[in-house]
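Note sheet for the following structure.
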Amino acid sequence: MRCLLLLTTCFTVTVRGRIDFLFTVLGFDCTNEDDGIYEIGCKSFVRCKDGEGETVECEEGLVFNEAIGDCDEPANVPAPCGNLIDCSNKPDGHYPDLDQQCHSYYTCHGGEFFGHNFCPDDLVFNEETGTCDWESNVYEPCGLLPRPPTNK
């Protein structure tokens, strides 16, 4: 019996006229699973077919996209693995990325997501000015200033 190490997982190979694989990848065993694609995490997945599995590790800079069952650009993948933003109901403009503690912002135009922009060190996006600014000049939730009450 030999043990091949992949990350923290062993593949056990038994030779008895044929090779049997006890295929367990990061705790995922295809033996009793339907054929299909199963996400292991943001950077890898398993393709199960006839009880056997193939592990796929995404290349550097790519993440698993459940919608296409393959690795993809993070801009095409919703959170938590990607950074695709739904702009379908947002007016054109720049919006703070709260998941990044406002150190970046994204652009929506015509209902489409046009990507992220990053603020320089220690600055956050200021919705009022549409620029990056010091936290002390920016209203919550991105900055330190409490929002003034609204008159409605």
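Keep in mind that glycine also has a Cβ here, set from the backbone N, Cα and C atoms.
Keep in mind that TrEMBL annotations are predicted by a computer and have not been checked by a curator.
As the structure is a computational prediction, the values presented were derived from the model and not from experiment.
Listed features, source TrEMBL:
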SIGNAL    1-17  signal peptide
DOMAIN    27-83  domain 'Chitin-binding type-2'
DOMAIN    84-144  domain 'Chitin-binding type-2'
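Each residue in the domain 'Chitin-binding type-2' (84-144) gets a DSSP state, and the totals come to 6 helix, 25 strand, 30 coil. Residues in the domain 'Chitin-binding type-2' (27-83) partition by DSSP class (helix H, G, I; strand E, B; coil) as 3 helix, 27 strand, 27 coil.
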